Amino acid sequence: MFYRENGQFKSSYRADQQIFPIAQDRIAILVLLLVAFVVVPMGVSDYWMRAILTPFLILSLAALGLNILVGYCGQISLGTGAFMAVGAYAAYNFQVRIDGMPLIASLLLGGLCATVIGVLFGIPSLRIKGLYLAVATLAAQFFTDWAFLRIQWFTNNSSSGSVSVAGLNVFGVPIESPVQKYLFCLIFVVVFALLAKNLVRSAIGREWMAMRDMDVAAAVIGIRPVYAKLTAFAVSSFIVGVAGALWGFIHLGAWEPAAFSIDRSFQLLFMVIIGGLGSIMGSFFGAAFIVLLPLFLNQLPGWLGFSISTALASHLETMIFGALIVFFLIVEPHGLARLWSTAKEKLRLWPFPH
Amino acid sequence: MGFFLETLFGGLMVGMLYSLIAIGFVLIYKASGVFNFAQGAMVLFAALAMARFAEWFPLWFGFQSLLLANILAFIAAMAVMIVVAWLIERLALSKLVNQEGITLLMATLGIAYFLDGVGQTIFGNDIYKIDVGMPKEPLMVLESTFPGGLLLSQEDLAAAAVSAALVVVLAIFFQKTATGRALRAVADDHQAAQSIGIPLSRIWVIVWSVAGFSALVAGIIWGSKLGVQFSLSLVALKALPVVILGGLTSIPGAIIGGLLIGVGEKLSEIYLGPMLGGGIEIWFAYVLALVFLLVRPQGLFGEKIIDRV
């Protein structure tokens with residue numbers, strides 16, 4: 001009843017092509033941002049901030065990056081963890097090797113290194129696709145796992161591949177407390193989400209989608225496959241690399257290659273599938289779902305009044321993840337994001353559905 | 001020279017096992033166009049079932065014979081794999097007919113996770129051993145030709161023999177039986193096969209059961225070498241580059257690809273590894289497959305990929 005757009009007239013193309021054409025959506029987003037920036041830092045416990053909200057933000061950022069590649073450009077990748085690792089270790093190297101390197105600059109440079117590696121491993125996508133490409137991206141995963149464990153230069157001569165950062169600050173403001181870390185990540189996520197949203201609405205985004213829907217036909221109408229695929233790899237791995245750097249620097253503080261193992265790649269792929277392939281919003285839904293589900297599953301037996309062992313709990317978690325993947329692919333291949341937009345459609349007609 | 005040959009044989013044996021898992025991939029891909037990421041989980045699941053049944057049956061039915069326990073466990077594990085195949089067809093695949101390859105691939109990823117979870121919930125998550133009485137002590141051959149002779153593991157030889165036998169059985173099954181003919185028909189053209197009365201769903205159950213069978217054999221061999229534990233499902237990740245190298249649709253490709261990767265991996269580890277810092281076994285197979293794909297995207301024996309609008 002309140003979610004209706006009658007009376008909102010648009011008299012220019014600009015107004016018609018905004019990200020949120022309906023006024024209520026704009027207000028909702030502003031309120032959401034206000035809550036995220038002001039209310040949450042005041043009202044949420046440090047534990048939630050540190051253990052749930054910050055990982056959620058960083059993983060949504062990584063899922064966003066992966067979604068550009070898999071959801072928008074149709075190039076399936078199982079090597080996301082590798083690009084995160086490249087981002088994290090590259091940023092670490094910039095941080096320790098160059099004196100007085102600003103934190104933001106090293107994070108972004110880490111992202112750039114991930115871009116280079118991403119494009120490099122994206123080159124096979126010009127010859128192969130689908131299943132073959134999935135296996136090819138696994139090569140990136142195994143190679144970086146090995147490289148950061150064995151090549152001492154990358155880790156500043158630490159023998160186990162584990163590195164740590166400390167004393168982070170931006171323009172003299174320390175990034176130490178959970179609230180500061182949360183806000184720092186939040187700013188990154190908001191900026192990147194806006195950039196990504198605009199990218200996928202632009203010409204290059206349409207080229208990606210054309211490539212995804214039918215690459216041969218896209219090539220016939222004049223889209224250059226090389227350009228479209230490699231830009232998708234570049235943009236995607238840049239975002240993923242920055243997310244990896246944030247994961248290492250802000251969330252973990254000290255990490256080893258195992259933090260970016262193949263499990264991380266699968267986890268991110270699941271986020272994208274469950275959240276919604278080809279949807280910016282979906283990346284957030286997916287990340288929230290995957291971050292919160294284990295918590296929920298851990299609490300559930302307690303609420304129901306019986307206890308299960310941690311081993312059984314983790315097996316159940318795997319099982320439920322697996323089942324949910326299949327369930328979503330069968331019932332709603334476009335994920336939670338599609339449910340969300342269906343709900344909005346229904347709401348616009350409510351209470352007169354027809 | 002002797003050392004080189006030893007490495008070579010070691011590589012061939014490991015490669016044989018890779019091809020055993022790779023055949024599972026190829027079977028399913030041939031008959032349904034699904035790239036089955038769950039093959040590794042199936043290997044783990046089958047091996048877990050086998051190991052635990054062999055342990056439980058003597059307790060339940062009160063007998064001592066290891067041989068009898070193993071035979072019964074094998075039959076029971078095979079039955080379980082057939083049920084799994086049927087459930088996968090019923091609950092997942094039949095609902096995903098006509099979807100894109102990527103969707104199916106991701107569905108099998110989900111199945112893999114599910115199977116991992118179920119398997120470990122039912123059968124436990126310790127390290128279990130499968131004892132099918134394979135000879136353990138190494139065999140010394142050709143002592144007169146080389147100084148020190150060649151050291152071959154009898155276990156590996158037995159495993160290779162079993163793998164070879166499995167391949168022969170599968171080849172006969174595919175070429176000579178009516179079911180095999182139906183399978184090949186489905187592989188060629190789903191619709192045409194359906195229109196002459198070949199029931200698709202039953203064929204898929206059969207294919208997944210056969211893949212389950214090959215997973216069981218692979219699981220038993222790996223399991224008796226290394227013990228049954230979670231890392232077994234990761235061995236299948238090694239079989240992926242094998243399939244890619246050999247071509248997704250070719251059983252001979254899977255075998256030759258497996259042997260190539262097994263040998264390449266061992267030789268590169270020994271002769272290239274020290275230069276690069278060691279442990280390159282982890283990625284060598286993948287990079288080999290990747291480089292190969294750039295030259296020949298369809299693999300060694302794969303069918304040429306033709307795009308049409």
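Here the Cβ of each residue, glycine as well, is placed from N, Cα and C on the backbone.
Bear in mind that TrEMBL entries carry predicted annotations, made automatically and left uncurated.
Under the heading transmembrane segment, TrEMBL lists A:27-45 (among others).
A Cβ distance under 8 Å defines the sequence-distant neighbours of the transmembrane segment (A:51-69), meaning residues of its chain 6+ beyond its ends; these are 40, 44, 75, 77, 80, 83-84, 178, 181-182, 185-186, 188-189, 192-193, 196, 199-200, 208, 232-233, 235-244, 246-247, 250-251, 267-269, 271-272, 275, 277-280, 282-284, 286-288, 290-292, 295. The transmembrane segment annotation in TrEMBL covers A:51-69 (among others).
The annotation transmembrane segment is assigned in TrEMBL to A:76-94 (among others).
Annotation source TrEMBL lists transmembrane segment at A:100-123 (among others). Same-chain neighbours of the transmembrane segment (A:100-123): 75, 79, 82-84, 86-92, 94, 136-137, 139-140, 144, 168-171, 175, 188, 229-230, 232-234, 236-242, 244-246, 249, counting only residues six or more beyond its ends whose CB sits under 8 Å from a CB of the stretch.
Positions annotated as transmembrane segment by TrEMBL: A:130-149 (among others).
For A:179-196 (among others), the entry in TrEMBL reads transmembrane segment. Here the transmembrane segment (A:179-196) has Cβ contacts under 8 Å with residues 33, 36-37, 40-41, 46, 49-50, 53-54, 57-58, 60-61, 64-65, 68, 107, 170, 173, 235, 239, 242, 246, 250-251, 280, 284 of the same chain, all six or more residues outside its ends.
Marked as transmembrane segment by TrEMBL: A:233-254 (among others).
Here TrEMBL flags A:266-297 (among others) as transmembrane segment. Residues of the same chain lying 6 or more positions beyond the ends of the transmembrane segment (A:266-297) and with a Cβ under 8 Å from any Cβ of it are 52, 55-56, 59-60, 62-64, 66-67, 70-72, 77-78, 80-81, 193, 196-197, 200, 209, 212, 313, 316-317, 320-321, 324-325, 328-329, 333-338, 340.
For A:303-331 (among others), the entry in TrEMBL reads transmembrane segment. Outside the transmembrane segment (A:303-331) by six or more residues, the chain places 270, 273-274, 290, 293-294, 297 with a CB less than 8 A from a CB of the stretch.
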Q. In terms of Cβ proximity under 8 Å, which residues at least six beyond the ends of the transmembrane segment (A:76-94) contact it?
A. 62, 65-66, 69-70, 101, 105-107, 109-114, 117-118, 121, 130-131, 133-135, 137-141, 143-145, 148, 154-156, 163, 165, 236-237, 240-245, 247-249, 255, 257, 259-266, 268-269
